[in-house]
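Worksheet: the structure to be examined is printed underneath.
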Amino acid sequence: MKVATAEEIRQLDLEAIETIGIPGIVLMENAGLQVVRVMNAHFPHLKTQKVLVVCGKGNNGGDGLVIARHLDNQGVDVRVTLLTEKTQLKGEAKINFDIAEKMNLPIVELTSNEQLPAFRNLLLQADIVVDAILGTGLNDAVKGFYKHIIESINKTHKPIIAVDIPSGLSADTGMVYGSCIKADVTVTFAIPKRGVILYPAADYVGNLEVVDIGIPKKLISSSRIKVHLVEYANVQGVFRKRMPNTHKGTYGHALVIAGSPGKSGAALMAGRSALRSGAGLVTLAIPENLRVPLEIPTLEVMTTSLPETPQGTVSLEAYDKILNLAQDKRVAAIGPGLSVHPSTVELVLRLIRTLEIPMVLDADAINAVAQNPEVLLEAKAPVVLTPHPGEMARLTPNIHVQNNRIPVAQETARKYNVFIALKGVRTIVAAPDGNVFINPTGNPGMATAGTGDVLTGIIAGLIAQNIIPVEAAKSGVFLHGLAGDLVVKDKGEYGLLAGDLIDAIPRAIKFIQDYC
Ligand SMILES: NC(=O)C1=CN([C@@H]2O[C@H](COP(=O)(O)OP(=O)(O)OC[C@H]3O[C@@H](n4cnc5c(N)ncnc54)[C@H](O)[C@@H]3O)[C@@H](O)[C@H]2O)[C@H](O)CC1
Ligand SMILES: [K+]
């Protein structure tokens with residue numbers, strides 16, 4: 001599903017009105033009716049409830065007036081507060097105000113702080129509040145009178161239905177500036193806006209309902225919107241049923257270059273995750289000193305040892321051996337627990353320049369790249385990077401990563417011609433062609449050591465099976481989060497171990513396959 005900025009949805013709205021000829025008043029009517037439908041679904045006893053609809057001065061307020069009219073038609077006890085003088089209303093919002101006035105709906109104009117006690121009184125009498133104060137037209141942090149109104153609504157702890165987006169939320173960034181309505185249900189129109197998907201703003205959304213307001217689907221699919229929310233249907237094609245006449249060679253061989261003293265677990269987890277994701281074979285290339293300790297726990301994963309530095313990390317001297325090892329592999333995962341020893345860093349940079357198989361770079365491989373990001377432009381094969389926000393910041397030192405997750409990932413992917421999976425709540429996968437995929441799976445239980453190594457192994461395991469990098473990154477991130485969700489369903493969030501995730505991968509794959 002596409003995910004819009006305020007400008008993109010405005011553009012779609014305009015095209016529906018001007019190019020297709022659907023009058024704006026029709027879109028607003030549909031929007032209002034859909035909110036009423038969702039309210040009826042959420043509140044079976046709506047008819048016995050008192051609803052306060054709080055309307056701002058723009059089209060979001062116009063939607064509110066449509067909602068109030070239809071609730072009144074249903075026999076609901078509805079009141080409207082208009083946070084502007086009626087003379088300020090324009091266009092469709094004014095038309096709907098005039099209709100509501102002629103229908104004798106109880107509308108109170110409230111425009112100043114002196115009237116806040118009257119507003120609080122109305123709030124006290126209400127059972128449900130409809131937030132139609134501000135939508136995608138928000139252009140600044142909410143201050144003054146609007147801020148007081150929003151804070152009064154939040155304080156009542158009554159169910160709040162937000163129209164399109166909770167008022168105060170930036171549709172574009174996922175940030176909340178000033179005050180914001182904390183909704184129980186948000187009914188967003190046509191397609192979700194970035195702000196209702198991304199955190200921290202997503203915390204204000206409650207249950208998200210995406211409703212059709214009559215903007216033609218073809219307009220949406222042909223629009224230039226490049227940001228998507230990943231859904232089950234988008235990843236099911238990656239996990240197809242296997243053909244009977246196949247063998248482990250069919251599912252590819254992954255090379256994992258990882259580990260250093262004290263970090264053998266990272267290597268092992270990446271290797272096991274690649275196998276759990278369906279790779280036919282995995283070879284773990286580790287520094288010599290880890291070979292014996294890893295011999296027993298690796299079981300299904302093969303190991304091979306590499307020349308090491310005096311500190312026991314993989315050294316530049318391993319270069320020729322790795323080139324040889326890469327000959328019959330479909331992918332190389334590089335980085336988990338590798339260290340940033342200068343010789344190791346030099347090795348990583350040389351491998352990026354010369355390997356001719358796709359690479360998944362994580363952890364210390366990303367730290368190596370951060371020393372010279374231009375090396376990515378010399379890569380001969382596709383590169384997937386899986387940075388957490390701290391690693392991303394090392395690649396893009398002048399930008400605040402967490403406040404700009406989509407643009408940072410998108411621009412870095414374009415600039416260096418790589419695929420990026422920027423980890424964190426709502427992992428962002430960005431491709432060099434500008435496409436961005438927001439991942440909905442995962443949970444805070446996964447904020448624990450080693451889950452990043454698991455993701456690296458999953459993506460490598462999928463590429464080993466000839467899944468193209470963008471699909472491997474997108475579906476790998478989805479699978480990883482889903483495995484975490486399944487574990488949490490059984491065991492709760494506390495004490496989840498990365499190893500639990502690895503064991504849940506097959507179940508998560510089956511869950512995706514069976515989902516309908
Ligand atoms: N295709 C659709 O999705 C449709 C959406 N509709 C609804 O229209 C709004 C967007 O309407 P718009 O008039 O552009 O903006 P708003 O109603 O959000 O508010 C604009 C209004 O508020 C002022 N303002 C902006 N920021 C602030 C602030 N921080 N404090 C105070 N006032 C502020 C601004 O100056 C304007 O006057 C969309 O969300 C949907 O709800 C259509 O109904 C149907 C099609
Ligand atoms: K709103």
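The backbone N, Cα and C atoms fix where each Cβ goes, and this holds for glycine too.
Residues or ranges marked as domain 'YjeF N-terminal' in TrEMBL: 9-221.
The feature (6S)-NADPHX binding site is assigned by TrEMBL to 59-63, 135-141, Tyr146, Asp164, Ala266, Gly337, His388, Asp453. All chains included, 26 other C-beta atoms sit within 10 angstroms of the C-beta of Thr136 ((6S)-NADPHX binding site).
Per TrEMBL, the feature K(+) binding site maps to Asn60, Asp131, Ser167. Non-local neighbourhood of Asn60 (K(+) binding site): Ala132, Ile133, Leu134, Gly135, Thr136, Gly137, Val163, Asp164, Ser167, each in the same chain, at least six residues away, with C-beta under 8 Å from its C-beta.
The domain 'YjeF C-terminal' annotation in TrEMBL covers 231-512.
Spatially close to Val425 (AMP binding site) yet at least six residues away along the chain are Tyr199, Gly442, Pro444, judged by Cβ distances under 8 angstroms. Sequence annotations record features per position, and here TrEMBL assigns AMP binding site to Lys423, Gly424, Val425, Arg426, Thr427, Gly452.
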What Cα-Cα separation, expressed in whole Å, is found between Gly337 ((6S)-NADPHX binding site) and Gly452 (AMP binding site)? 11
Mind running the binding-site residues Asn60, Thr136, Asn139, Tyr146, Gly337, Arg426 against ligand 2 and keeping the ones whose CB falls under 6 Å of it? Asn60
Top of the binding-site residues Gly62, Gly337, Gly452 by count of other CB atoms within 10 A is Gly62
Those binding-site residues, out of Asn59, Asp131, Tyr146, that come within 10 angstroms of Arg426 (AMP binding site) at the Cα: none
Out of the binding-site residues I have (Asn59, Asn60, Thr136, Asn139, Tyr146, Arg426), which ones have their Cβ sitting under 6 Å from ligand 1? Asn59, Asn60, Thr136, Asn139, Tyr146
In the structure shown, which of the binding-site residues Asn59, Ser167, Thr427 has the fewest Cβ neighbours within 10 Å? Asn59
Between the binding-site residues Asp131, Asn139, Tyr146, Gly424, Arg426, whose Cβ has more other Cβ atoms within 10 Å than any of the rest? Asp131
